[in-house]
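Q: The following feature annotations were taken from Swiss-Prot:
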REGION    1-44  region 'Disordered'
REGION    163-337  region 'Interaction with MRP1'
REPEAT    179-212  repeat 'TPR 1'
REPEAT    230-263  repeat 'TPR 2'
REPEAT    264-297  repeat 'TPR 3'
REGION    310-326  region 'Calmodulin-binding'
TRANSMEM  338-357  transmembrane segment
Amino acid sequence: MDESLEHQTQTHDQESEIVTEGSAVVHSEPSQEGNVPPKVDSEAEVLDEKVSKQIIKEGHGSKPSKYSTCFLHYRAWTKNSQHKFEDTWHEQQPIELVLGKEKKELAGLAIGVASMKSGERALVHVGWELAYGKEGNFSFPNVPPMADLLYEVEVIGFDETKEGKARSDMTVEERIGAADRRKMDGNSLFKEEKLEEAMQQYEMAIAYMGDDFMFQLYGKYQDMALAVKNPCHLNIAACLIKLKRYDEAIGHCNIVLTEEEKNPKALFRRGKAKAELGQMDSARDDFRKAQKYAPDDKAIRRELRALAEQEKALYQKQKEMYKGIFKGKDEGGAKSKSLFWLIVLWQWFVSLFSRIFRRHRVKAD
């Protein structure tokens, strides 16, 4: 193991996860759950006789050159039936595409990617001749014969040939080192409030440590990889919370908690996202677990107080609502007051029972 890399990882340990207790507001991204191709109004750019592109979101910087290693997410559909047969966003694992060395069935996609900048999202139209051909593909992915395709593609970023080599040709030390550099670049961009660009760097860092790579690691190699990979997921979650994309933030926290179930930052950020979605009881459970593992954390105490205040405000609102209902029917009547307090008591009992049941279920799991 490269001793300098190990020292670098330890040196940056305190800086590896960004602090995000603020509430910057930036524009939201489109949903990552599309089952049909997006409707795009932009003019189609012809890239090849069989390939055209419509830009959904502009990128930044330069375009990749031949033999660049590109990291991207995409969804793919057959054009006629609009059957979605592949979705890398669903797996939360970007793919690697080396331009000029792509598989034959990805030739059309590669032409589209070569025309895109980092951060650009586009709808790429590919004729069957530059896709799965006359015979199609009957294993995975399942594509019928002579099928024209649609790709919704987002280029996360790319490495020029002069900067490095394909992940498969890298040693363990090189891959972890490359990922750590991307993570630190992401942290710098986050501090500048460039959230989308920061997430691209974190995604590229994660791309160096896919499931196939992590599966081969053990001992200190695994620990060093997780010390880079998990903070990237948490930092993406922090960006997504600022972008108000709460469901996606929860997904990245869940990935970390699969590896480290006692990670207080993952529990805290998941709780924060759940609270924003109105899942108060579940958010409280996450905050309390986080507090158990980080008892001195002021941010956790602050979120628990905020939840308690929200519940108190909701209780007062319900109280006033029921008062208004019964006041109209029986001004000052003893029966109305009794019924009101009976309803309030019943709601409290149901809420208490629900919490007890949830705690028992969590313990059982």
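Even glycines carry a Cβ here, placed using N, Cα and C.
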Q: How does the model score the repeat 'TPR 1' (179-212) in terms of mean pLDDT?
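A: A mean pLDDT of 90 is what the predicted model shows over the repeat 'TPR 1' (179-212).
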Q: Going by DSSP, how much of the repeat 'TPR 1' (179-212) is helix, how much is strand and how much is coil, in residues?
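A: Its residues fall into 28 helix, 0 strand, 6 coil.
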